[in-house]
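**Student:** Feature list, courtesy of TrEMBL:
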type	residues	note
TRANSMEM	C:6-28	transmembrane segment
TRANSMEM	C:35-58	transmembrane segment
DOMAIN	C:74-124	domain 'NADH-Ubiquinone oxidoreductase (complex I) chain 5 N-terminal'
TRANSMEM	C:91-111	transmembrane segment
TRANSMEM	C:123-141	transmembrane segment
DOMAIN	C:141-431	domain 'NADH:quinone oxidoreductase/Mrp antiporter transmembrane'
TRANSMEM	C:147-165	transmembrane segment
TRANSMEM	C:177-199	transmembrane segment
TRANSMEM	C:219-236	transmembrane segment
TRANSMEM	C:315-334	transmembrane segment
TRANSMEM	C:340-361	transmembrane segment
TRANSMEM	C:382-401	transmembrane segment
TRANSMEM	C:458-477	transmembrane segment
TRANSMEM	C:497-520	transmembrane segment
Amino acid sequence: MIGLVHFLTVAAIVFAIGLYGVLSKRTIVGILMSIELMLNAVNINLIAFSRFITPEVLTGQIFAIFTITVAAAEVAVGMAMIFRVYYDRNTVHAARLDEMRW
Amino acid sequence: MNIALLTSEIAVVILALLIIVFDLLMPRQEARRSLGYFAVCGLLGILVYTFNQHGASATVYHGFFVVDKFALFFKQLFIVATILTLLFSFDYIEGLTHNTGEFYALLLLSLVGMMVMASANDLLTVFVGLELMTIIFYILVGFDLRSSKSSEAGTKYLILGSAASAVLLYGMSWVYGFTGSIVLSEIAAHITASPAMLLGLGLMLAGFCFKMSIVPFHMWAPDVYEGAPIPVTAMLAMASKAAGVAVLLRVFLVAFADLQAYWLTIVSLLAGLSMIVGIIVAIWQTNTKRMLAYSSIAQAGYILSGLLAADAAGVKGMLFYAVLYMVANVGAFAVTTAVNNQYGSDKIDDLSGLSQKSPFLAVVMTVSLLSMAGLPPMAGFVGKMYIFMAITDKGYFWIAMLGLVMSMVSVYYYMLVVKVMYSKEAKNQQEFTASVSLRIVALISLIATLFIGIYPGPLAELANAAARSLW
Amino acid sequence: MFNQYALSHAALIPLLPAMSFIIVGFFLRRLPILAATVSVCMSLISFALSLGVGYGVIANNITVDNPLIQRIPWLSISGLTVDMGVYIDPISAMMLVIVTLVALMVQIYSIGYMRGDAGFGRFFAYLSLFASAMLGLVIAVNFVQLFVFWELVGLCSYLLIGYYFHKISAREAAKKAFITTRIGDFGLLVGILFLQILFGTLDFQQLASNVPLYVAEHGTNLLTIVALLLFLGPIGKSGQFPLHVWLPDAMEGPTPVSALIHAATMVVAGVYLVARAFFLFSVLPNAMEVIAWIGAFTACFAASIAFTQRDIKRILAYSTVSQLGYMMLALGVGSVTASMFHLMTHAFFKALMFLAAGAVLHGLPNKNDIFEMGGLRHKMPVTFAAMTIGVLAISGIPPFAGFFSKDEILLAVSQVSMPLYTIAVVTSFMTAFYMARLLIVVFCGSEKPDNQPHEAPMSMRIPLVVLGVLAVIGGYIPYANHFGDWVRFGSASHEGLHWGIAATSTVLSILAISLAWYIYGSGKVSPDKLSRRFSTLYKLSFHKYYIDEFYLWLNHTFVDGLGKILYWLELHFVEGIVNGIAGLPVGLGDLVRKSQTGKLQRYGLIMFGAMLILVVWLVLLSPLFKGVLSGGDY
């Protein structure tokens, strides 16, 4: 029988993968995708809690819908920003964004 | 359900939409400044209206959204900060972009996000307000199409900010899962000190600290502050940070109050670290905005330290400090804007000879910086005193001492800036001009800083009333 | 109607000049006519309000025992509440009227006196600031407010003495005034802190009710020390011996400033403080004795210096010091009435004399030595009349103002101590003598051929006339209207004139004036011969008993010597330590900022690393570390 713990474990693994991706992906596009993974891990968590902890109210599921919407907005802005960066420097490598430091 | 409580937020949204419409209808040339004045007038009207809501303490949408003195205090703070920022940056914004209407509208919408945050009474509203504010700030930070720094700053802010939001959300999902609710008061009722709960709490704390740029979650701040257009930097420093403080206070003092014993130690360490790092790194900066970024990190540490008292006196100190910090920053950023309009860059060296070219602006800058350093009779002294008195009562003597020592160190680098203004020769003999509205804002900042410093009573009373409404 | 308005809005009295300071100082500095108009108008309204307050006090029967107090909370943190407010009783009402009146007169006078000066606007801004600070001091409700404004008037005094900052002597005098009064202010501050520690409040009214209880319980020993510390402030500010040295030098400022600040108002702040805190001093007999003796000595001592001075303003300055000594003496023997009465008449006639001296200097630029003047009475009749009235008033000739107040002081002193009375009478004799000397030498005698004196312009004559009238009637009218019923401490005194004392002092004064005429006016005796005959005494007096030199020597030997030792220590020990400490944050800052590499994933690594540590700490370790850093018991 698949229970709450399994969902939470999957979510934790997805979150960790996303986090690892944010820190290690070389292009900004990849980093954005990793962030999506992290947000999806949150969604899994929310819906699992909603199903198992508060089955009679749908708080968690509504929360998940908001998260998806916000994530979409974030990606839209993110893509626009990536275009700007590419326009400025002909690259989308995160490591090349180091004009400002110290 | 009383929709009237949402009036001020709705009004700001309508104002923003109107500006977009007008921007489309008006011929380009005329659209420029009149839209800014329109925004300022609209905000002034809304500000006046918010005073109407005083005394109310009610919730809408099943307790998702609350209007009390605490929320109103912050809303008024945000609105005033936006008005002042708009006023001093007309010239700058005109030079920045042709789409001024868009810029104003976005700024107003981010203001809506902050106002929602101030009123948020559950985790979902906190999240939505926070994201509304932050996503718009991503755009605004990258708004300067001429500068590669701006897009770099925008990207950095976006990536790190989204990742931090994901962390915050992940924390919220745990808290939700283990209390079965997202409304703050119900969370407080079901809270237990289980490891999962503490995990959620820790993740949320990290997320909020990111928004407030608390060390070590501050790494984004200097780069973003430096790259963003000045009005956006100003808003980030003053309003966005204050919004972070508002939700942090409500979440931690309402929902997580029973877990105080667990988070107080960490908060004290974070606050102390922020003071130290913000101040010692600021010494090395050569860019005014970057210097102000580090100074804002340190100031965030001072504000956060008020949370250690975990009572009305500490919150009062934090609210008071948020206001005076806003006022001082308005002055500093107004002067930075004026200098930027003149030379097109933000180097501290560009301030040289300001005392001869524009003695008034030099005085404003000096007073603002010294207020942040906490010298009497400027407002910063009183703010620090309120906070430190509140936390020493609770036994955090070491943090107060650290704060005092760091204040002394901070005087050093603030005085470096003052020295540049007063003892270095100007680069050229060009006439120095600054718009009337900028001068007015600078004057307001100067008078307010001195007035609050000399006669803190009324503002302290206001902050006190706001702080008490949390309990 | 107006009385009530003035009473309830008494806070406006200091606020209006403050506004004028801001307007003139920031916006009208370069527009002399507007600057003068604004400050004079504000002063005029202030004066009208003060008069309203004065009438209101009488009409509403506000006495020293039931003052009218308004307070607003200024600062409140746990354990300390400080108010700002307005304290109206007959004493402060009287001070309000005097200060606003003299300030108004001096401002009108300055329009003519300062005409064409490059810093005209600045001058009026400072005058307004001073008026505001002085009025704030007068209406203080507690020691904190008093101290704040006390320092502010000190600052104004500094700014105005150094008004001609291009002159070295003016700069030096300003510094001297500031530093000398600082010494006294330090004592005052320590005294105030002691009061806060002992009583937990600095409010005059609360202190007044707490002090007797404290004395009954703990005796007077500690309190006497506190009171003497407090008294250091007045010693500095009111030019009492041995901190009187700054006042004569303060004459480097423009003459209207000398009239307003260094004669009529600021220097009496010390006297006012003692009167205001009389509930404290009056229960401490030892402190009172000290005050009386310092006052008496200062009076006599300063008069003896004034004997031989040649600079017209310096003579007046020493006479001010001497009269301030008189007021202190009156307080020391327990008579607030006499002291305040003399304060008022002195403000009138001393301001009058200073303004007259200013008119003389205006007519004869760049001449300060009275022996280079002479015969001015023909060319400057109004000024001559004004100065004559002033001299007669200060000498205590009836029916001029000084007669009544001086008599009151002498009467009060005679009831307490015979030696003090003798000193006071001798001083009175000397005062009459040197003032008559000034009058005779400057205005009588033969005209000097190379002088081209001219009468002062209208704006300068009006204040002379107004103050002249007041110097004549300012004594009798209050006397006839029972001044002592209103301005008093404890029960009212109904002594009236004591004819014996009045006659003695009047006769002595007339004698002194005749003597002065005999020596300086008649031409029968050569003053130079006299000074040679008493050459030792003359030199002592002329060089002000070498007190300045003594202080310089003290300074050289002890302060500089100590400085040398400390400097050596500083160079060899402190500097290294300080630089080391200062280098620490700078070096650390450099290290930390190197972590800011600009690479966003590095930032992410640090942040998420920190997040991990934070979470691990919270989940695993925080139960172990509960409350470790708070020191509290959580």
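Positions of Cβ are set from backbone N, Cα and C atoms, glycine also.
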**Student:** Return yes if the transmembrane segment (C:6-28) and the transmembrane segment (C:123-141) have at least 3 CB pairs under 8 Å (sequence gap of 6 or more), otherwise no.
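**Tutor:** Checked: the transmembrane segment (C:6-28) vs the transmembrane segment (C:123-141), in contact.
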**Student:** May I ask for the residues of the chain that lie six or more residues beyond the transmembrane segment (C:35-58) and have a Cβ under 8 Å from a Cβ within it?
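**Tutor:** Counting only partners 6 or more residues beyond its ends, the transmembrane segment (C:35-58) has Cβ contacts under 8 Å with 2-7, 9-10, 12-14, 16-17, 19-20, 23-24, 28-29, 68, 88-90, 93-94, 96-97, 99-101, 103-104, 107-108, 110-111, 120-121, 124-125, 127-128, 131, 135, 486.
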**Student:** Could you tell me the mean pLDDT the prediction assigns to the domain 'NADH-Ubiquinone oxidoreductase (complex I) chain 5 N-terminal' (C:74-124)?
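**Tutor:** Residues in the domain 'NADH-Ubiquinone oxidoreductase (complex I) chain 5 N-terminal' (C:74-124) carry a mean pLDDT of 84 in this prediction.
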**Student:** Count the CB pairs under 8 A between the transmembrane segment (C:382-401) and each of C:123-141, C:177-199, C:497-520, then give me the winner.
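**Tutor:** Ranking C:123-141, C:177-199, C:497-520 by Cβ pairs under 8 Å to the transmembrane segment (C:382-401) puts C:497-520 first.
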**Student:** As a quick check of your reading of DSSP, tell me how many residues in the domain 'NADH-Ubiquinone oxidoreductase (complex I) chain 5 N-terminal' (C:74-124) are helical, how many are strand and how many are coil.
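**Tutor:** Per-class counts: 29 helix, 13 strand, 9 coil.
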